[in-house]
Amino acid sequence: MKSTEDISYVNQQEAIEIDQMLMGPLGFTVDQLMELAGLTVASAIGEVYSSSEYTRVLVICGPGNNGGDGLVAARHLHHFGYKPSICYPKRNTEPPFAGLVTQLESLSVPFLPVEDLPVQLSSDFEIIVDAIFGFSFHGNPRPPFDSLIRRLVSIQNQQRTHEKAAVIISVDIPSGWHVVEGDICGEGIEPDMLVSLTAPKLCAKMFCGLHHFLGGRFVPQSIIDKFKLKLPPYPGTSMCVRIGNFPETNSSAQKGIFTASVNLEVEENPIDQFQKWLGDASEAGVKEPHYMVLSTAGKDAKPSSRMVSLEGVNKDGFVWHTNYRSRKAREISENPHASLLFYWGPIKCQVRVEGFVEQVSDEESERYFSSLPLDIQIRPIVSKQSTLIHGREILHHQYKEFEEKYHDRTSIARPKHWGGYRLIPEFFEFWQGEESQVHLKFRYCVEEIDGRRVWTIHRLVPQLAESASSL
């Protein structure tokens, strides 16, 4: 990895002049540059997002060269084992674009019209590649790209509200950004990964995502000298190199051995300790670290567990939202004691929380519901959790009906059968794996002292694991 302070960033005019030199006296063709760019993008995706976990990819292509880079990336992703689909609303029928389309069609890679895209892109795709506009774009995006960009922004809103969401990869610059000043309006795409091409553009300094790669191994020394570029060395035979800050990884972790990558200092308050570990998991690139196992039991004492999304945590407890008519809600009403389990494999950390569950206030549920995008607000109206249904198509049909009914609204009323719960913790247990297989475990138990809740820390005898996976 190369520090961003040791790398050159270029403005729009410099980027244009570099392209002119490449395709002029240095003899490169557009086809060659697209091929190199697309291979770089696909390689960077493969570095971070495994095809076994992130299989379905939507590549959204614009009408210019950035769209061509996306078409090439889609072809390579297909050969890398991913399942790409392409949205290419304004097809360029000139060479080399027409040839790229033919190549993809021969591989049976589907091309999807905008109107056939799912309402929720994240429901059908784990990765979305933003190959709409490049560094030469200026002005405001026009249809249909304006609405496509808004849909990418809505995916970020899903991430903020802990909804399951696709990751976004932008090619060279996030579409709609100014090449120098970045996201001027503050309402643009904030991709999870940026793949800069040739040399990073100035707007890349404003990129705040986890993964920033550069693809420019082909840049001749004459261009480096002319523009006084400082570019990082490329590892091995790789077409891309990671730049900027990124989560630490450990090759031994892939072999079932773990070297501690979180801060081992123990906080006095377990909520602070939890938030620190949750932050470590997020920085390490753990997918959806806020998802937890919620275990409940009704008056029959038979336990049941399911995955739910943590929507908030503070000194008062852990909050999630659900249907008040669901099985878990019924069991909570019969027995308000429950437990939560978080497990973050890449950093080998586990947290167990036990406590008392209460409904949050209507006001708190209203505030959270009103913060959600309209398409997410519709879901609890359609979904009658834990009731029988004769087929998924019924849900899809009902969702479409409500979407059409409320298409001109930005918000709807919260259904009374949907709202939040809060688990007020009484017990925490933190576990962390060690390379030596002698693991760390400590607990927090609460006591009432002079009317105050006081936490006591119990450090436990380390567990000697029988296997690398033993908890």
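The backbone N, Cα and C atoms fix where each Cβ goes, and this holds for glycine too.
Summarising the annotation, TrEMBL assigns domain 'YjeF N-terminal' to 15-231.
For PHE135 ((6S)-NADPHX binding site), the count of additional Cβ atoms within 10 Å of its Cβ stands at 26 [all protein chains shown]. The (6S)-NADPHX binding site annotation in TrEMBL covers ASN65, ASN66, GLY67, GLY68, ASP69, GLY134, PHE135, SER136, PHE137, HIS138, GLY139, ASN140, ASP172.
Taking all protein chains in view, 24 other C-beta atoms sit within 10 angstroms of the C-beta of SER175 (K(+) binding site). Residues or ranges marked as K(+) binding site by TrEMBL: ASN66, ASP130, SER175.
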Any further residue of that chain within 8 Å (Cβ to the Cβ centroid of ASN66, ASP130, SER175) of the recorded K(+) site: ILE60, GLY62, GLY67, GLY70, ALA131, ILE132, PHE133, GLY134, SER170, VAL171, ASP172, ILE173, PRO174
Among ASN66, ASP130, SER175, which are recorded as binding-site residues, the nearest neighbour of GLY139 ((6S)-NADPHX binding site) by Cα: SER175
Euclidean distance between Cα atoms of ASP172 ((6S)-NADPHX binding site) and ASN66 (K(+) binding site), Å: 8
Residue, out of the binding-site residues GLY67, GLY139, whose Cβ gathers the largest set of other Cβ atoms within 10 Å: GLY67
Cα separation, SER175 (K(+) binding site) to ASP69 ((6S)-NADPHX binding site) (Å, whole number): 14
Separation of alpha carbons, PHE137 ((6S)-NADPHX binding site) and SER175 (K(+) binding site) (Å): 9
Residues near PHE137 ((6S)-NADPHX binding site) in space but at least six apart in sequence (CB under 8 A): GLY64, ASN66, SER175, VAL179
Rounded inter-Cα distance in Å - ASN65 ((6S)-NADPHX binding site), ASP130 (K(+) binding site): 13
